[in-house]
Structure formats: structure tokens, C-alpha cells
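> Here's a structure for you.
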């Protein structure tokens with residue numbers, strides 16, 4: 001009986017050893033299987049990476065397709081413009097001609113708002129009124145400038161006309177030259193007259209001396225020289241008077257405008273300085289307002 005029991009014990013021990021061996025083999029195979037099979041997290045990250053790469057490649061191809069299509073459209077449009085350029089001018093000319101020949105009917109014309117029409121007519125009226133009143137304003141400015149420059153109380157046109165009609169160059173005998181006093185009514189015109197007569201008197205002396213000679217045939221020539229000299233003196237006096245008055249008026253207007261402009265700039269700068277001071281005091285200081 002001892003031998004069968006020993007045989008049974010040996011079988012049991014061998015069976016236990018085989019079970020341990022098989023269990024170890026199972027554990028090893030399961031570990032190797034887990035190491036070989038990728039984890040779901042890594043699989044998901046790899047799938048996302050592949051999707052991103054695929055989207056980037058698709059975007060590159062789409063941009064290339066768009067660029068190719070845009071270049072083809074530009075070339076096609078350039079070819080169409082080159083082919084239709086000659087016909088376009090003819091068609092435009094014909095369209096302009098037809099539009100010029102066809103009158104706008106009240107049914108097809110675009111109706112404007114009454115306020116816009118009223119404002120346009122008002123601006124046109126103001127423009128024409130300005131054109132009409134502009135010469136009068138210029139005349140008033142010149143008149144005030146002449147009066148202030150020439151120290152005259154009368155109108156400069158009236159003074160010029162009076163000088164042209166009543167001023168005389170030669171005396172009653174025709175051998176003397178007339179010079180007007182400072183207390184006369186001609187004013188500054190009389191002074192300019194005296195200056196021109198004084199500086200041109202040597203030229204006319206020969207004519208005045210030889211007027212009573214024994215050459216009757218040359219009397220009419222001397223008379224013509226006298227008339228020309230009288231005309232020269234009057235025209236020169238009036239031109240100098242006008243030049244003096246206009247230049248003085250322009251100078252006064254320019255100086256006044258410059259003075260007003262400087263005063264305006266000064267007031268604006270002072271106002272800005274005061275405004276900055278008030279703003280800074282209101283921001284930094286205690287509440288005043």
C-alpha cells in the first residue's frame with residue numbers, strides 16, 4: 001500500500017507544478033499581449049493627428065485650386081477686354097448719341113425733392129446777388145480808401161471829373177503855366193498837377209516863346225503841341241492820383257486784414273490756454289461746478 005500512495009503523491013505534486021507553470025505562462029502571455037496592443041488613448045491621439053494632417057493637406061490643395069482658378073479668370077477677363085476694347089468705344093459713342101438725342105420725359109425722369117430744388121435755386125439767387133453787389137462793395141472800399149489816403153471829403157470820381165473839366169494848364173495869354181495853391185479845391189490832384197507842370201516846363205518853354213513869332217504857318221503846330229501838352233498833364237495827373245489811391249487802399253486793406261488775422265490767432269491761443277487751465281483745475285482740483 002505504500003507504493004500506490006507514494007505514486008499518488010508524486011502525481012499530485014507534478015500536477016501542482018504544471019498548474020503553476022501554466023499560470024505563469026498565462027500571466028506572461030497576458031503581459032506580452034497588453035504590451036503589444038496599443039492603448040485607446042494613444043490610438044485616439046494618433047487619429048486626431050492624422051485628421052489634422054489630412055485637414056492641413058486639404059487646405060493647401062484648396063488654396064492651390066483657388067489660386068489657379070483666379071489666375072485663369074484674370075487671364076480670361078484680360079483676353080475678353082482685349083477683344084472687346086475696340087467695340088466698346090463704338091458702343092459707348094452710340095449710347096451717348098442716343099441718350100443725347102432722346103429727351104427726358106416727365107414720366108421717365110427722376111423726380112427731385114422740393115427741398116433740394118429750393119436750396120439749389122436759393123444758392124443760385126445768392127450767387128447772382130453777390131455778383132451784382134460785388135462792384136458796389138469794391139467801389140465803397142475804394143472810396144473809403146481814397147478818402148483816407150487823399151484826405152478828401154468828396155468822392156474821388158467827382159474830383160477827377162471836376163479836374164478834367166475845369167483845370168487849366170496855360171494862362172489867359174497862352175504864355176504862362178498855371179500852378180494851383182495848396183488851399184485850392186483840387187486837393188491832392190492840384191499837388192500832382194503842380195509837380196508835373198514844374199518838371200515838364202522846360203520842354204514847353206520853347207513853344208510858348210516862339211508862339212508870337214513871324215511864322216504864321218507854324219502857329220497851328222504850336223497849338224497842337226499845346227493841346228497835346230495839356231492832355232498829357234491831365235492824364236498823367238489822373239493816373240498818378242489813381243495809382244496812389246489804389247495802392248494806398250490795397251495797403252490799408254492788407255494791413256487791416258493782417259491785423260485782424262493776428263488778433264484772431266492771439267484770441268484763439270489765449271482762449272485755448274484758458275480752456276486748458278480750467279480743464280486741468282476741474283480734473284485735478286476740488287469740485288467747483
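Glycine too: its Cβ is placed from the backbone N, Cα and C atoms.
These figures come from a predicted structure and were not determined experimentally.
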> With Swiss-Prot as the source, which of 202-222, 223-243 is set down as transmembrane segment?
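In Swiss-Prot, the transmembrane segment feature sits at 223-243.
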> From 5-27, 28-50, which range did Swiss-Prot mark with region 'Disordered'?
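Residues 28-50 are the ones Swiss-Prot records as region 'Disordered'.
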> Which stretch, out of 164-184, 248-268, is listed as transmembrane segment by Swiss-Prot?
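From Swiss-Prot, the annotated transmembrane segment range turns out to be 248-268.
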> Can you tell me which parts of the same chain pack against the topological domain 'Perinuclear space' (244-247), counting only residues 6+ beyond its ends and a CB-CB cutoff under 8 A?
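For the topological domain 'Perinuclear space' (244-247), the nonlocal Cβ contacts are 142, 145-146, 149-150, 156, 188, 192.
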